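I have placed the structure first, in the form of structure tokens, so that the comments after it can refer back to it.
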Amino acid sequence: MEKELIFGHRNPDTDAIGTAIAYSYFQNQHGYNTEAVALGEANDETSFALKKFGFEAPRVVKTVANEVKAIMLVDHNEPQQSVEDRDQVKVTHVIDHHRISNFATIDPLFYRAEPVGCTSTVLWEMFKEQNMEIPANIAGIMLSAIISDTLLLKSPTTTDIDKEAVEELAKIAGVDYKEYGLELLKAGTNIAAKSVEELIDLDAKSFELGSKTARIAQVNVVDVPEALERKDAFLAAMEKDAKANGYDLFMLVITNVLDSDSEVLFIGDDESKSVFAKAFGKELVDSEAHLLGVVSRKKQIVPPLTRAFEA
């Protein structure tokens with residue numbers, strides 16, 4: 001069987017990398033020939049999880065058509081979030097937990113998406129449906145993905161299925177998920193050593209919102225005031241990046257993983273700022289707004305913005 005590559009979105013997080021690794025194991029057990037790769041370097045949080053459970057970071061690829069004819073996607077489906085030459089290969093499988101947008105294929109494919117907190121939760125269900133045993137290290141990296149995406153089950157994206165998956169995977173992996181979860185999340189909140197340019201690209205995704213092209217970046221912290229000491233530098237970097245890449249608006253969501261609130265920095269024209277205010281019922285003051293209880297880009301930021309821009 002010809003080799004296929006499995007990968008998550010650009011600027012990969014723990015779900016994108018962890019689920020790619022776990023899904024590659026799953027598919028190889030079913031006779032496929034796959035390799036988990038990544039569309040970017042593993043961040044600090046993901047590196048912590050990989051080391052904890054004995055994995056090397058997947059190799060990073062920029063293109064895939066030079067290697068394979070077919071690919072499998074996890075944790076994304078939108079082309080602007082995927083590998084740049086995706087249109088030159090066949091997508092055979094997708095496992096996701098996001099909206100479906102700008103996605104089309106010539107041939108039928110396996111596609112499974114569910115409104116749960118993490119793609120690894122969907123994969124956990126697939127393991128159970130197949131009565132497949134999950135190795136301890138695979139359980140650990142899947143557990144890490146769910147903890148990361150749901151902010152230790154505190155995100156509004158969290159479902160009962162996510163909670164059940166976390167409890168079972170933690171037992172298999174042999175860890176206390178609450179204790180390990182805090183260690184994992186804190187590993188990803190050390191932003192002091194990174195430049196503003198790195199931070200606005202670390203976990204950033206592009207979206208089509210009505211007629212606007214938006215870039216929405218997110219960083220997790222435990223000290224928001226410390227992060228905002230670099231506010232002017234953040235805004236300048238966002239402005240520069242937006243102009244260079246043709247984004248109509250750029251949002252940086254600074255999320256406090258302990259309090260489950262976010263501070264937003266915003267670059268955009270007056271129309272976009274007005275739509276932001278309409279979407280969240282909150283005016284931007286000096287390009288900044290506090291969003292109480294908002295932690296999820298997927299569920300709490302992109303949907304209201306999409307509705308507001310398309311109204």
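Going from the start of the chain as shown, residues are counted 1 onward.
Every residue, even glycine, has its Cβ placed from backbone N, Cα and C.
Here is what Swiss-Prot says about this protein:
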- HIS9, ASP13, ASP75: Mn(2+) 1 binding site (BINDING)
- ASP15, ASP75, HIS97, ASP149: Mn(2+) 2 binding site (BINDING)
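Shown here: features listed in Swiss-Prot, placed on the structure.
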{"residue": "HIS9", "record": "Mn(2+) 1 binding site", "Cβ within 10 Å": "26"}
{"residue": "ASP13", "record": "Mn(2+) 1 binding site", "Cβ within 10 Å": "25"}
{"residue": "ASP15", "record": "Mn(2+) 2 binding site", "Cβ within 10 Å": "28"}
{"residue": "ASP75", "record": "Mn(2+) 1 binding site", "Cβ within 10 Å": "29"}
{"residue": "HIS97", "record": "Mn(2+) 2 binding site", "Cβ within 10 Å": "25"}
{"residue": "ASP149", "record": "Mn(2+) 2 binding site", "Cβ within 10 Å": "27"}
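Using a 10 angstroms CA-CA radius around HIS97 (Mn(2+) 2 binding site), the binding-site residues that qualify from HIS9, ASP13, ASP75 are ASP75.
Within 8 Å of the centroid defined by the CB atoms of ASP15, ASP75, HIS97, ASP149, the record's Mn(2+) 2 site, lie the Cβ atoms of GLY8, ASP13, ALA16, THR19, VAL74, ASP96, HIS98, GLY117, CYS118, THR119, SER120, ALA145, excluding the listed residues themselves. Note: the Mn(2+) 1 site is recorded as HIS9, ASP13, ASP75; in the same chain, GLY8, ASN11, PRO12, ASP15, ALA16, ILE17, VAL74, HIS76, GLN81, THR119 also have Cβ atoms within 8 Å of that site's Cβ centroid.
When secondary structure is read from DSSP and collapsed to three states, HIS97 (Mn(2+) 2 binding site) falls in the coil class. According to DSSP, ASP15 (Mn(2+) 2 binding site) is assigned to a helical segment.
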